[in-house]
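Engineer: Pasting the relevant annotations from Swiss-Prot:
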{"type": "SIGNAL", "residues": "1-30", "note": "signal peptide"}
{"type": "DOMAIN", "residues": "48-186", "note": "domain '6-Cys 1'"}
{"type": "DISULFID", "residues": "Cys52-Cys74", "note": "disulfide bond"}
{"type": "DISULFID", "residues": "Cys106-Cys160", "note": "disulfide bond"}
{"type": "CARBOHYD", "residues": "Asn135", "note": "N-linked glycosylation site"}
{"type": "CARBOHYD", "residues": "Asn194", "note": "N-linked glycosylation site"}
{"type": "CARBOHYD", "residues": "Asn275", "note": "N-linked glycosylation site"}
{"type": "DOMAIN", "residues": "302-433", "note": "domain '6-Cys 2'"}
{"type": "DISULFID", "residues": "Cys306-Cys334", "note": "disulfide bond"}
{"type": "CARBOHYD", "residues": "Asn307", "note": "N-linked glycosylation site"}
{"type": "DISULFID", "residues": "Cys351-Cys419", "note": "disulfide bond"}
{"type": "DISULFID", "residues": "Cys359-Cys417", "note": "disulfide bond"}
{"type": "LIPID", "residues": "Gly433", "note": "GPI-anchor amidated glycine"}
Amino acid sequence: MLYFFGNSRFFLFFFYFFFYFVLVIKSSVGKNEYVSPDELNIKTSGFLGYKCDFSTEGIHNLEPDIVERRSVICSINSYFIYDKIKLIIPKQDDPKSKFKLLPENCFAKVYSDIEGKTEIPIEQTGLIEYTLEENDTNQDYSERIIQISPFNNKDIEFYCICDNTEQVISHIDGRSALVHVTVLKYPHKIVSVNLTDQKYPYLFDAYNKNDFINYKLEIGLKEGELLVLACKQIDNKCFQKNDESKNGDLYKTNKIIYHKDFAIFKAPIYVKSNNATAECKCKIDEANIYTLVVKPDYDEKVIYGCNFSKDLSFRTFTNNMNLLKYNENTNINCNVEISQPFYDHLIGISCPGTIIPDCFFQIYKPLTNELKSSEITYLDSQLNIGNIEYYEDIHGNNEIRIFSIVGAIPQSASFTCMCKMDKITGFMNIKIGSAYYAFLSKLFIIFIPLFFMWL
């Protein structure tokens with residue numbers, strides 16, 4: 001009897017162990033979960049794009065200012081990959097508000113020619129694949145949002161006007177503002193793969209199922225090129241994972257956009273190695289699952305920034321300042337200044353210690369005076385753009401942070417990041433100029449009063 005129970009206990013133990021082992025193996029191997037690109041967009045996307053914030057507390061607010069009476073310009077000059085422009089305006093149903101938006105239903109209608117005061121529906125501008133949205137849930141302001149695709153075949157320009165010039169406080173007038181949007185034609189090649197039955201007239205020379213060999217297709221991309229996959233059901237890590245047969249890898253912060261039936265991959269400006277890949281699976285049905293592998297080109301671009309390490313083997317930095325050469329309790333300043341009307345740059349820091357703050361997502365605003373500490377803010381809000389790509393790397397004992405900007409920035413900006421190693425601190429002070437918008441704003445200051453006199 002004891003022998004039987006002893007064997008029974010052994011048998012039960014073996015059974016439970018085997019059952020647990022099978023569950024672990026099954027869960028680790030598991031099947032891919034497939035979702036629509038739109039579902040994945042809801043799970044992964046925040047706000048990507050640009051803001052013109054004319055609300056009372058906004059960066060472009062038009063409240064009366066005795067010191068600063070100039071008109072305000074909010075300019076956007078960029079290509080778009082389903083990025084958004086968010087126009088934030090005071091509630092217009094407030095009887096005390098003198099704020100006017102022209103045209104009233106901007107962005108549904110816009111000015112195509114500010115000099116001719118030509119008001120047209122947005123569909124007549126030539127935009128391809130865009131969406132409009134309004135959000136009135138906030139009690140203090142409303143939001144007008146336009147989301148723009150990369151498929152325009154020409155540069156497109158349009159305007160809206162925000163007017164708060166009536167006398168709102170005694171004899172002091174409020175201010176006016178120009179919203180100036182230039183949607184650039186996407187500057188790089190767009191490669192498309194259509195695995196749906198739908199025709200998209202703006203996807204030219206698209207690959208299809210016949211181009212796959214054994215359900216697999218690999219496509220090489222040059223820097224900045226887009227790959228647009230049209231598919232109804234994609235795996236839930238689409239383009240976020242590597243081709244497992246290769247050692248290279250890409251970064252989680254690459255530009256990957258999910259929109260309607262599209263999964264879009266932008267070849268990054270910074271690639272870690274020459275065998276980096278990313279893949280996406282498209283499920284037609286249980287028997288037909290296609291794997292698309294993208295392989296970005298590898299190019300060693302110069303990094304505008306500061307290498308505080310003695311190691312010069314990782315890429316080329318414009319400034320090299322080895323912290324180990326300095327005495328303790330020393331602060332080292334590394335200054336980097338760039339001024340271009342159009343950017344295609346990598347900006348970065350290499351640090352053998354700790355990078356402070358969480359650069360480049362977070363950065364220090366420049367010091368306003370010696371008695372006040374720098375404030376921490378977000379890089380996209382400091383530059384007032386949303387089209388930024390962030391990269392991280394480790395090389396030996398050095399932590400490397402990099403970001404890239406492509407296009408123009410609305411206004412010049414400065415910020416600081418720190419590299420702290422024991423009792424030595426390196427300060428990277430970055431200044432990014434905006435030559436184009438400095439010239440444009442001067443024209444606007446002269447022109448906008450004439451415009452309102454003419455209205």
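Every residue gets a Cβ built from N, Cα and C, even glycine.
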Engineer: Can you check which residues sit near the residue listed as 'GPI-anchor amidated glycine', meaning Cβ under 8 Å from its Cβ, same chain, 6 or more apart in sequence, and list them in order?
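Structural biologist: The list for the residue listed as 'GPI-anchor amidated glycine' reads Glu337, Ile338, Ser339, Gln340, Ser412, given in order along the sequence.
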Engineer: Taking all residues of the domain '6-Cys 1' (48-186) together, what is their mean pLDDT?
Structural biologist: 79
Engineer: List the Cα distance (Å, whole number) between Cys106 (disulfide bond) and Asn135 (N-linked glycosylation site).
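Structural biologist: One finds 13 Å between the Cα atoms of these residues.
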Engineer: Looking at Cβ-Cβ distances, which residues of the chain lie under 8 angstroms from Cys160 (disulfide bond) while being 6 or more apart from it?
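Structural biologist: Set apart from Cys160 (disulfide bond) by at least 6 residues yet with Cβ under 8 Å, we have Leu87, Leu101, Leu102, Pro103, Cys106, Phe107, Val110, Tyr111, Leu178, Val179.
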Engineer: Where does Cys359 (disulfide bond) sit by DSSP, helix, strand or coil?
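Structural biologist: Note: Cys359 (disulfide bond) is coil by DSSP, not helix or strand.
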Engineer: Out of the recorded positions Cys52, Asn194, Cys306, Cys359, Cys419, give me the one sitting nearest to Asn135 (N-linked glycosylation site) by CA distance.
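Structural biologist: Checked the recorded positions Cys52, Asn194, Cys306, Cys359, Cys419; minimum Cα distance to Asn135 (N-linked glycosylation site) goes to Cys52.
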Engineer: Counting all other Cβ atoms within 10 Å across every protein chain shown, which of the glycosylation sites Asn194, Asn275, Asn307 scores highest?
Structural biologist: Asn307
Engineer: Want to know which recorded positions, from Cys52, Cys74, Asn307, Cys359, are within 10 Å of Cys334 (disulfide bond) at Cα; which are they?
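Structural biologist: Checking Cα-Cα distances against Cys334 (disulfide bond), the recorded positions within 10 Å turn out to be Asn307.
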Engineer: Counting by DSSP, what is the helix, strand and coil composition of the domain '6-Cys 2' (302-433)?
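Structural biologist: Helix/strand/coil tally for the domain '6-Cys 2' (302-433): 8 helix, 76 strand, 48 coil.
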